[in-house]
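**Q** There's a structure below that I have some questions on.
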Amino acid sequence: MITSSFSEKCTSVINGAPSWAVFFLFDLLDYFLCIVFRFLDEVMEEKSESCHCNNPREKTHFAEYEFLSETLYRRRNVFRQAGFLRFANKLPEITKKIGIVTFLRKFLFPHTMNKVSHEVANRWSDCGCKTCVSWINTDKLNVIVKQPSISDLSISNKPVENVIFVHGFLASSSFWTNTVFKYLPETTEGTNYRFFAIDLLGFGDSPKPRASQYSLKEHVEMIEKSVILPNNLTSFHVVAHSMGCIIGIALAAKFSDSVKSVALVAPPYFADSKGGASCAALDVVAKKKLWPPASFFTAMMCWYEHIGRGVCLVFCRHHRTWERIIKIVTWRRKLPTAIMDFTKHTHQSGWHSMHNVICGGAKFTDKHLETLIKSGVKINVMQGDKDVVVPIDCLSNMKGKFPAVEVEVIAGTDHSTVIMSRREVFAANLVSLWATSEKKQKV
């Protein structure tokens, strides 16, 4: 008891004045990197990439403006609020006038100066390896399908149940295919199952368009385009984890007459009763504090756009180098897919999905849940009691506002082990949920 109290006091001290000082320096560093990246973008690509340091009314070209999160522009920064950003806005014009950009381009890229510039798939700060840009040959998501053989389907007269699996942040379809899929039956005594595990837009092997805002609407439309329409799904179930829960709920709400059940694991739910749910979500999932280290890293990546881009430049762009180093250090010939998936995104896709889905999606979740409940869709939610990524309060708040939602707290598990440490049980629970969701009664 004394040890626990002492630990809490130490954490409180660390997250006090030192925390304020560190994040004040981060405000300065992010402002400095804003200038640096604007200059480098001009040199490397002949244009300065837009960032979210400006007021949205000053600079936004996104048609679906309501799907952008307020957190993109309302992140507090001492130097931005003091008006220091004016210099960063004028930098491209200044450097062009004095000829610095032209000189550097001639020096660095002498053979490309007279060529017509064109839009490339990836930014200069993103990885351009064959694997990372393989998506340019398709406009649909990468989808892994598990189903009975065609011969079995043709012989059997059993109905087919379709299930769409949606992964969470910084993950891919392998989150499901390498774990739960092994324990899910393709066929049971009375039903055939067809499972679809997708790589969300901007993650895994799916497209990562640099012009996309990775809004909730864009994610849902890509799933519709890549899974529902091509496979003519007239009925299906949804299973989602973490960030994928927000997308899964939105997808189910759009097709509420077709969805039979929704299974959510560790959903980042933030009620929008008073408005401003997006900013409230950011304050909860990425609270500015130094301890524990995971929380500090999350806060740094979520609050500071240009620091985050710098981190992606170091780790994601050079992921092959880091993978070789990890293999040498760990004596492994093959790395776990979770490590490989961690860098399978661009800064654009990671940053905007974090803000426009996890934070921005909060203002739509209540409406989507109401739609599902009115349509009689069975909603099952579970979360580990040791989850430090998504507060356990999210579960109780959802249950409090929507009593029809079935919730379950799994003792001794966290954000990922709630599935990973109990894969067989989790799979069995899913099959049971699907079997009892045959008929819907609208409320």
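Positions of Cβ are set from backbone N, Cα and C atoms, glycine also.
Below, the features straight out of Swiss-Prot:
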ACT_SITE  His167  active site
ACT_SITE  Ser242  active site, nucleophile
ACT_SITE  Asp387  active site, charge relay system
ACT_SITE  His415  active site, charge relay system
DOMAIN    163-268  domain 'AB hydrolase-1'
LIPID     Cys53  N-palmitoyl cysteine
SIGNAL    1-52  signal peptide
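Help me understand the surroundings of these features in the structure.
**A** Counting only same-chain residues at least 6 apart in sequence, those with a Cβ under 8 Å from the Cβ of His167 (active site) are Ser173, Phe175, Trp176, Ala197, Ile198, Asp199, Leu200, Phe203, Gly204, Ala240, His241, Ser242, Gly244. The DSSP secondary structure for His167 (active site) is coil.
In this view, Ser242 (active site, nucleophile) is surrounded by 24 other Cβ atoms within 10 Å of its Cβ, with every protein chain counted.
Shown in sequence order, Ala266, Thr413, Asp414, His415, Val418 are the residues of the chain, 6+ apart in sequence, with a C-beta less than 8 angstroms from the C-beta of Asp387 (active site, charge relay system).
DSSP assigns Cys53 (N-palmitoyl cysteine) to coil in the three-state reduction, placing it in neither a helix nor a strand.
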**Q** Can you check how the pLDDT averages out over the domain 'AB hydrolase-1' (163-268)?
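**A** Mean per-residue confidence for the domain 'AB hydrolase-1' (163-268): 96 out of 100.
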**Q** Using DSSP and three states only, what is Asp387 (active site, charge relay system)?
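**A** Note: Asp387 (active site, charge relay system) is coil by DSSP, not helix or strand.
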**Q** Take the Cβ of Cys53 (N-palmitoyl cysteine) and count every other Cβ within 10 Å, whichever protein chain it belongs to.
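**A** So the Cβ neighbour count for Cys53 (N-palmitoyl cysteine) comes to 22.
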**Q** How many neighbouring Cβ atoms, not counting its own, are there within 10 Å of the Cβ of His415 (active site, charge relay system)?
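**A** There are 19 such Cβ atoms around His415 (active site, charge relay system).
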